[in-house]
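Some notes on the structure that comes next.
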């Protein structure tokens, strides 16, 4: 009851505060910041708040330690296990996590409402974000450990964050920033480096003047500065997965007390802490370091001066190496396998260096147009590698089939220990399938981590992208993801083959769509085809992208984001199907739903696998850039149809897996049909009005561009919010 009162009071208090603030500032007519600059900050804050909401929501519904399976004493079945042995720790986790959840929801509401944005400055929004981060830190410190020394370590790390930031700021202030040798702008007493960057960007093209003017500043901002939003996304996702891994450690937790064993343990304690203490401590310290480093990056990415120095790169590399160390320690139980996992990342780096040395023959200076293309390719590769690393990290620490919760012996006489993977200890087909899953997942994770490390530095990613070495690594990571899904989501060979057959079917479907669009273009001619595909006209020879190219680029980013996040959701659902796994007996490691309701499980599996295959194919095809512009425009249209199949598969999997009665599944299907009917009616009305009022349609293309920009400035962030909410509901 007190916890419910706390949540209700917190929500009401924040709502009243927002209302009073709006009323007090209703007549405030002060000048506002630059709308473009504010939109950039708005998108960053919205992405951060969105993932914080999903993170705290999932942690609140699945608290650390899990739930009781049966009643015992004063505790009922379904109560948190930590409530009996670590009640104070559980309450500290609950209050901190709830505060972060409500504060992140408040930030989302403030950022989505245009009227509310007018009365909230960046300082106030950053104040709420700081509350979110502190709440997550407190919840992590309380819920990720059961002993005082490990909690003290996390608290020390938290205390080191402001000290680290202060030292970096002092170094930035003390070290003079190199100025261009010649500059016509009086930037000597400028307050910020943003003015210098702006003056450089507004200077004449290098084609008409010496390339040394402003070159140093441009090179300095090439690294992390141009990918500020992606660095924020990387730090946010890293904080998300490390937070979840701290709450749900590899190996699971003990379901009951055992004070007479050696070493003794309580219900809710990590199993690895008793069976592999050294390995668990390595995992915990690396995971905690990555979590705190991610929060440091989130705070530092908001400051332009820190963005231009090397402090952010150091923090980001510390974050990535923390993730690699935690994965190597938590994904396996023997030293040789951990060494193999670490060697994978080194192997990827060595391959890229060899590929670049032998296949990059042109070392001339890059033109502005080529730099722009490389920068766009870098953003796509970075986005994809970030999300591949996210899902493979979680899947590696919590493999399919689950963990043993006690020591014992398999039916074939093999001894196993609590905390080890069930499928890895079962001999025969299951063990071979587990090894295939583990090596494919580890290869995908390490390839994506190596890609992120190289994409941070311009000296590494430029030759890597030009020689297509990084593309090869990305394809290896994606196919490793497919192999891990095929091996880990099924227990029979024919179902694994079905996954690869689905990939071929999706490719064939997209090829058919391409042929249809291409024939339509030939039959109708360029003029009619242009009207058939208005946003995808790509025939501007100008170096500066035209509005049509910008629209096509935005659509491509939306499709890539949808495909990546759909792949992450379906990948996790395939490895951890609804209903859980059997933990003992002959059926250990098999899905429970497959035995209790085979028809429902098959519907879920086939729909989920179809959605995953469609997502992977869309990702791979969107990485291609060797197609002709016209063919690529048609490819984008074909991708739209593939994404529709992707979403329909996701809906089918949700309808089959979220309930155990067909009437509730029918409710989900009816909702889907209603939404599709609404969209169909909307499209018919739009089509009829467009055919009947050609003048109105033509006037839409001559609207002032700033209005379109203001209307769509936050579309990527809103799309990320929508997809994140979908992923939360699927979980």
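Each residue, glycine too, has its Cβ placed from N, Cα and C.
Automatic prediction, not curation, is the source of TrEMBL annotations.
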Which one of 603-623, 708-728 shows up in TrEMBL as transmembrane segment?
603-623
Looking at 468-485, 522-539, 540-557, which one is transmembrane segment according to TrEMBL?
468-485
Need the matching range: TrEMBL marks region 'Disordered' on one of 138-178, 179-219, 220-260, 261-301, and I'd like to know which.
179-219
What is the three-state DSSP composition of the domain 'PGG' (373-491), stated as helix, strand and coil residue counts?
85 helix, 6 strand, 28 coil
Any chance the transmembrane segment (230-247) and the transmembrane segment (635-655) are in contact, meaning at least three CB pairs closer than 8 A with a sequence separation of 6+?
no
For the domain 'PGG' (373-491), report the average pLDDT of the model, please.
82
